[in-house]
Amino acid sequence: MKIKKIAALTGTALLAAALSACGGGGAATTENGTGAEKAGGEVSSTPGMTTIKVLNEGAVSIGVGKLDDLFAAKEKEYTDTGVSLDYTPGSPVETFPLQYQKIMSEQLKSKKIEVVTEDWGWGEPLIQKQTAGFLAKNIPDIIVGETQMPGFAQQGLLEPFPDEMADEIRETVSPAAWKPMEVDGKIYGLAAQPGVSNLFWNKKLVEQAGIDPNKTITTWQELRDNVKKVTEAGAGKFYGGGVYAAPNFGGYLRYGALIAINGGSFADDSGQPAFNSPQNAETVALLKDLNAAHPPGLMVNNNEGSYFDAWNKGQIAYLIDGPWRVQESKTAGLDLGMAPIPLSPNGKAANVTIGAAFHSVPKDAKNKEAAFEYIKVMYGEQIQQLVADSNTRSPILKSIGESQKYQDKHPEMYLHYQAMSGDVTGLPTFTKDNSKAWQLWGDAVVKSIMTDGDIQSLLDEAQQRALNVTK
Amino acid sequence: MQEFSKKLAVQFKPKYLFAHLVLFGVGLVLLYPLIFMVTVGFFTEEEFMTTVLGLLPFAKQPTWENFLVLFNGSADAAIQQYFLNSTIRTVYATFWALLTALLAGYVFARLKFRGKEVIFLTLLATQMIPATVALIPTYLQFARWPFAGGNNIFTGGTGILDTWWVYLIGGPSINIMGAFLVKQSMEKVPYELDEAAKVDGAGTLRIIFRILLPLQMPIMAFIAITTALATWNDFITPFFYTSSDHLQTLPAAITRLSSAAASPGTVPNWPLIITLSLGTTLPALLLFFFFQKYIVQGLANTGIKG
């Protein structure tokens with residue numbers, strides 16, 4: 001009898017726990033103001049407004065939930081730490097993510113649209129969740145991502161921008177913001193503040209090696225010579241550096257610019273691997289030389305944080321990276337030089353977008369029209385002026401980026417703007433088994449850099465193996 | 001006192017002394033990441049960014065800020081909510097793991113029925129499927145849950161995705177490995193015990209809970225500890241099947257922070273991320289520290305040797 005009672009009690013307790021946890025979770029109000037959320041992650045909409053779900057982009061994130069509910073807590077966090085909330089367009093901005101979201105919210109409200117943000121992470125976890133979301137047709141109105149987005153467009157998972165909007169973008173917006181997302185003449189995504197790479201150098205370290213820190217280097221040979229000199233002068237304390245080249249997208253995005261400059265490419269127009277071209281072999285040879293100017297293993301370390309940590313701490317002198325490096329280096333107290341990436345003997349200026357959070361509208365989005373309005377605000381004047389004022393990235397709107405005012409006020413970022421306006425591409429997506437093909441390329445480059453193996457043979461082998469998986 | 005001195009003298013014999021020194025060294029190596037995490041927790045973001053860290057980094061301008069966030073949360077990280085979610089989820093999953101392991105273990109150890117071995121082996125075979133392979137099918141299963149989340153039978157809505165049901169239904173399935181261990185352990189208990197209890201008028205549930213369960217305590221403790229650790233540290237379930245902030249657990253929140261750090265152009269706040277990771281690690285570590293003897297006992301009972 002007692003046992004039966006225990007069993008009955010256990011059953012009741014379980015059911016109660018299940019129900020209470022379900023109800024409690026749904027009604028939970030958190031400190032960060034997501035109290036508007038109902039069970040099932042649904043957010044109560046304001047009557048008369050269209051609510052769109054937008055995936056968070058790290059650089060402008062202020063939390064997850066209904067946008068309007070997030071401002072108060074974020075403002076308090078800033079004021080508690082003594083950061084001023086004031087912002088006047090045309091002046092420096094200290095609270096970039098907050099101001100960005102406020103502008104988005106205000107502009108969209110006038111169009112009867114409100115925003116709920118969700119955070120699906122970044123990199124591989126984001127790609128997996130987006131893939132599952134597409135399969136289940138459970139996807140936000142705006143998704144965000146970097147290297148995976150052109151692939152989604154090619155697979156027909158994204159909605160092309162309306163023609164009128166696409167024409168406006170082509171005319172008024174820098175190509176780096178949309179060109180990598182152009183498939184068969186249609187635009188499928190836009191980044192409000194994309195980056196391309198430039199060459200940066202730590203003036204103090206360069207000077208210690210007897211090199212004029214204000215002289216811009218323009219050729220690969222100069223880069224080779226200078227990193228060697230700095231490494232010798234550093235005697236194990238600091239090194240020449242150059243570029244991050246690990247077998248991951250962090251590496252491909254950065255040295256991809258060198259591949260493009262030398263006229264090489266990762267894939268041909270049909271999405272098949274093009275690993276073993278003589279141009280690629282020359283670029284990998286440069287990487288091998290640069291590796292000698294790094295602490296052992298650093299250049300191909302899979303953790304990109306370690307590489308940029310070494311830069312911030314004054315352990316490497318040269319670096320090819322995105323525009324955020326300017327502000328980060330200032331924060332780290334480094335005296336910085338910046339110039340376009342040096343060219344190979346037969347090369348011409350070219351670049352690869354990096355740190356570009358492309359925003360796209362999925363085919364299965366529930367509020368496509370409102371989602372496109374969101375993207376319009378992203379390249380609108382107010383947001384773009386804010387991007388210009390942040391001095392971390394360049395604006396994509398030509399009317400701001402090409403203005404004399406911008407050139408005078410942000411000379412370094414104007415260099416970046418110019419690089420964005422040139423020959424810019426994104427990383428390609430291979431026709432089949434994209435991840436595997438990239439891994440084969442990355443492994444071949446690491447082997448070329450770290451061993452005495454013949455570069456051309458290693459690339460030939462990778463090409464053959466990649467063709468086996470992509471065909 | 002004299003005995004103690006004798007013992008001490010033995011410990012200082014060269015061969016033991018050497019062994020102790022080696023063990024101390026190994027212990028230090030194993031503890032080092034924890035020590036590192038604690039010391040880095042006192043760094044500000046700016047100081048961490050500009051300091052070349054030594055083996056034991058000490059902040060020049062120490063701050064409690066990261067530890068305050070660990071306990072109080074911040075504008076975009078409701079830490080207390082995540083902590084509560086982690087705790088509820090862990091307790092719930094552990095309870096279910098124990099219950100299902102005990103009952104299923106009993107069925108396979110004690111009952112005789114046709115196809116028992118085939119069913120058991122089939123269940124065991126499911127353990128060979130890597131968890132990542134099941135991610136997308138499970139996502140679809142949750143999304144297509146009948147009549148849930150706006151679904152018109154199977155489609156039209158979001159199913160049970162992004163609800164507490166993900167944790168209540170999806171998390172605690174039958175603990176197969178636990179059932180296997182209980183079966184192994186229970187088979188060592190003489191069947192005569194069950195028969196004697198039956199003669200005294202005990203039913204099946206009484207035999208399971210009053211006669212056999214007390215004898216299975218070490219293995220039950222082992223299952224409880226391993227399930228609790230696995231659930232506490234699991235970030236995949238909350239991260240993949242939920243999106244709302246109020247459903248996140250500590251590891252998922254840390255994964256979010258780390259993935260934001262991986263996004264180019266955002267400056268990673270490593271001292272904060274490392275401190276939050278410390279907050280995730282410590283409860284699991286303490287659990288392991290206090291109950292580790294049961295892990296050894298439990299495995300010894302099943303006859304499984306490492």
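Going from the start of the chain as shown, residues are counted 1 onward.
Placement of Cβ uses the backbone N, Cα and C atoms for every residue, glycine included.
Taken verbatim from TrEMBL:
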DOMAIN    B:83-291  domain 'ABC transmembrane type-1'
TRANSMEM  B:21-43  transmembrane segment
TRANSMEM  B:91-111  transmembrane segment
TRANSMEM  B:118-140  transmembrane segment
TRANSMEM  B:164-182  transmembrane segment
TRANSMEM  B:207-232  transmembrane segment
TRANSMEM  B:270-291  transmembrane segment
Considering the transmembrane segment (B:21-43), which listed stretch of B:164-182, B:207-232, B:270-291 counts the most C-beta pairs under 8 Å: B:270-291
Annotated stretches the transmembrane segment (B:207-232) and the transmembrane segment (B:118-140) touching (3 or more Cβ pairs under 8 Å): no
Surrounding residues of the transmembrane segment (B:91-111) on its own chain - C-beta under 8 Å, 6+ positions past either end: 120, 167-168, 171-176, 178-183, 185-187, 191, 194, 208, 212-213, 216, 220, 223-224, 227-228, 231
